[in-house]
Structure formats: structure tokens, C-alpha cells
Amino acid sequence: MSKHAASSAKRFSLLALGLMFVGGIVFVWAVDFGIKTTNTLEFCTSCHTMQTNFEEYKESLHYKNTSGVQATCADCHVPKELGPKLVTKIVAAKDVYHEVMGTIDTPEKFEARRWYLANLVWKRLEASDSRECRSCHDYADMDLSEQSRSARSRHSAAQDKGQTCIECHKGVAHHEPTEPDDAS
């Protein structure tokens, strides 16, 4: 191989490496931008079928409370850790698909599937030991002496049994759907 050919190959390799590096940075930035954008309350409520959920959420303590801390859609529905977060984002793409395809594009169609959809969320939360709930609420951080007798008793028993939050707190931010007659 001539000196010129070797020099050209080296320049090409460095250019290719540089482009891959820049491409990697752009890719990571785009993924980060996409995650941050789709984690906003504005994005989550941009589909008109989510307006019912949004109105219910606005009635909950997760939206307005004495502490002034507001939990948004992503706080409850999107894991903080990168791996589970990416999986959740990929799985959530099906919701956009169903909105676009017309499966849940009206409040009536959404309500017809609400029990099924709620159960998907509940099963995911149970499987993760209510990971998203525990990012704000954790037995270890609870001051049981400040809770009502009933809450203190229930939280203490739930902790002893190793229960997860969602086992008792379904319908905490959205109305709990009623089980349809034909659900199994």
C-alpha cells in the first residue's frame, strides 16, 4: 500500500470515527429530549381521550394538596431508572397507536377499555413493588404517629406483610373503573 493510500485510509477512519462520535451524541441528545418532552403533563394530556383522566387527576391530592407538591403523570407512570423508563416509553407507544387508529379516540371507547387498561397499570405496579409510588412514599419514611389510627394500623400491617402500595391504593389519582360483567 502506498504512503498516500495509507494516509487516505487513516483520514477516512478518523473521519468515520468522528462522525460516529457526533452521531452518538446527537442520538443520546434526541433520546433525552424525547423522554423529557413525553414526560410533561402537557404531552400526556394532549390526546383528547386523556382529558377525562386529567379532570379526575385534578380532583386528587396528587394534583393539589396542602404540601404544594404535585405528582404529574410521569411521576406515577414512568420509572426513574433508565432501563425501565425506556421499556415503559416503548410500551407506551401502543397508546399513541390506539389513539391514532381510533381504538380509544373517544371518551366512550376509552371507558369501554378502561378496566383493561387500568389492570395493565396495576399489574405493572405490583410487579415493580409500586416502584413509582415509592419514589415519593416509602414505609421507612412514613411517620406513623402522624397518621390516623386506621392509616397507621393499615400501613403497619401492609409493611409487615410486604404489601405493595397499589394493592390498597387503586383509584388514588383517577377514578377506579368498575369491572365489566364480562371481565375475567
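Every residue gets a Cβ built from N, Cα and C, even glycine.
Annotated in Swiss-Prot:
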BINDING   CYS44, CYS47, MET50, ASP95  heme 1 binding site
BINDING   CYS73, CYS76, HIS77, HIS174  heme 2 binding site
BINDING   LYS89, ASP95  substrate binding site
BINDING   CYS133, CYS136, HIS137  heme 3 binding site
BINDING   CYS165, CYS168, HIS169  heme 4 binding site
TOPO_DOM  1-14  topological domain 'Cytoplasmic'
TOPO_DOM  36-184  topological domain 'Periplasmic'
TRANSMEM  15-35  transmembrane segment
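Distribution of Swiss-Prot features across the structure.
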residue	record	Cβ within 10 Å
CYS44	heme 1 binding site	20
CYS47	heme 1 binding site	18
CYS73	heme 2 binding site	21
CYS76	heme 2 binding site	19
HIS77	heme 2 binding site	16
LYS89	substrate binding site	16
ASP95	heme 1 binding site	16
CYS136	heme 3 binding site	12
CYS165	heme 4 binding site	21
HIS169	heme 4 binding site	16
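Residues SER130, CYS133, ALA158, GLN163, THR164, ILE166, GLU167, LYS170, VAL172 surround the recorded heme 4 site, their Cβ atoms falling within 8 Å of the Cβ centroid of CYS165, CYS168, HIS169, which are themselves excluded. Same-chain residues lying 6+ beyond the ends of the transmembrane segment (15-35) with a Cβ under 8 Å from its Cβ atoms: 85, 89. Residue environment of MET50 (heme 1 binding site) contains 18 other Cβ atoms, counted within 10 Å of its Cβ in all protein chains. Counting only same-chain residues at least 6 apart in sequence, those with a Cβ under 8 Å from the Cβ of CYS133 (heme 3 binding site) are CYS76, LEU125, THR164, CYS165, ILE166, HIS169. A distance of 18 Å separates the Cα atom of CYS136 (heme 3 binding site) from that of HIS174 (heme 2 binding site). Take the mean position of the Cβ atoms of CYS73, CYS76, HIS77, HIS174, the recorded heme 2 site; other residues of that chain with a Cβ within 8 Å of it are CYS44, ASN53, TYR57, ALA71, THR72, ALA74, ASP75, VAL121, ALA173. Counting every protein chain shown, the Cβ of HIS137 (heme 3 binding site) has 14 other Cβ atoms within 10 Å.
All protein chains considered, the CB of CYS168 (heme 4 binding site) has 11 other CB atoms within 10 Å.
CYS168 (heme 4 binding site) sits 29 Å from CYS47 (heme 1 binding site), counting Cα to Cα. Secondary structure at LYS89 (substrate binding site), taken from DSSP and collapsed to helix, strand or coil, is helix. Using the Cβ center of CYS133, CYS136, HIS137 for heme 3, the list of other same-chain residues with Cβ within 8 Å runs, in sequence order, SER130, GLU132, ARG134, SER135, ASP138, CYS165.
Note: the CA-CA distance between CYS47 (heme 1 binding site) and HIS137 (heme 3 binding site) rounds to 29 Å.
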